Amino acid sequence: MRSIARRTAVGAALLLVMPVAVWISGWRWQPGEQSWLLKAAFWVTETVTQPWGVITHLILFGWFLWCLRFRIKAAFVLFAILAAAILVGQGVKSWIKDKVQEPRPFVIWLEKTHHIPVDEFYTLKRAERGNLVKEQLAEEKNIPQYLRSHWQKETGFAFPSGHTMFAASWALLAVGLLWPRRRTLTIAILLVWATGVMGSRLLLGMHWPRDLVVATLISWALVAVATWLAQRICGPLTPPAEENREIAQREQES
């Protein structure tokens, strides 16, 4: 448990570098970012947004199983644990959002530029909020259509970031489960992807840096427990002797 907690803590620290740096810098979101950067951020965030998030989940689960070489029974147990970790994280996120009720950056911007009081905005039902955003931004040339559509769908509260929790959970699961097998490329790709998802939430006006920080910390706690459970139920996560030889050979060739 301690080794898993240490590994995932290092991964969480790496994920926290970007949002903490942005937080300290005092950066504030404003519409009108470079179009190519904004479009790239949108497509990165779409890898987590439904329905694509389900596809991402299934692809990553399949890859994890291949890397871990689990038997069928153990595979189903691991799938249940991984799915539970993601679902519990999303449930915790929803509960905190309802309690804290922090407005999104773009909602604050709507209040300043379109005179829509934040309190009144959030008293509306979700569908009504989406329609209001659509009406108010119909003539807004500085906001691309894809971003307007995204805002119409994402009219909930900001704190903490659900997209960050999804991506960070997978990245930290990689650190916890795949590091003993030295799947360093997979770990690096997922850490970069998770950081990209976090950055996209800032650029799209969906979250504040603190939303990302807290979401990452929650993900770390959940993943530490999930990997511990996986080890208790499925057995040691360390590779057997035969696989250790293969890992050593792979490292020599790289």
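The first residue you see is number 1, and the count goes up from there.
Heads up, the Cβ atoms here are built off N, Cα and C, so glycines get one too.
These come from Swiss-Prot:
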ACT_SITE  His163  active site, proton donor
ACT_SITE  His207  active site, nucleophile
REGION    160-163  region 'Phosphatase sequence motif II'
REGION    200-211  region 'Phosphatase sequence motif III'
SITE      Asp211  site 'Stabilizes the active site histidine for nucleophilic attack'
TOPO_DOM  25-54  topological domain 'Periplasmic'
TOPO_DOM  67-71  topological domain 'Cytoplasmic'
TOPO_DOM  95-161  topological domain 'Periplasmic'
TOPO_DOM  177-182  topological domain 'Cytoplasmic'
TOPO_DOM  203-208  topological domain 'Periplasmic'
TOPO_DOM  233-254  topological domain 'Cytoplasmic'
TRANSMEM  2-24  transmembrane segment
TRANSMEM  55-66  transmembrane segment
TRANSMEM  72-94  transmembrane segment
TRANSMEM  162-176  transmembrane segment
TRANSMEM  183-202  transmembrane segment
TRANSMEM  209-232  transmembrane segment
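Asp211 (site 'Stabilizes the active site histidine for nucleophilic attack') sits 10 Å from His163 (active site, proton donor), taking the Cα positions as reference. If you measure from the Cα atom of the residue listed as 'active site, proton donor' to that of His207 (active site, nucleophile), you get 10 Å.
DSSP gives His207 (active site, nucleophile) a coil state; it is part of no helix or strand. Helix first, then strand, then coil: DSSP counts for the region 'Phosphatase sequence motif II' (160-163) stand at 2 helix, 0 strand, 2 coil. Just so you know, the Cβ of His207 (active site, nucleophile) picks up 28 other Cβ atoms within 10 Å once every protein chain is counted. Each residue in the topological domain 'Periplasmic' (25-54) gets a DSSP state, and the totals come to 16 helix, 0 strand, 14 coil. Around the Cβ of Asp211 (site 'Stabilizes the active site histidine for nucleophilic attack'), 30 further Cβ atoms fall within 10 Å across all displayed protein chains.
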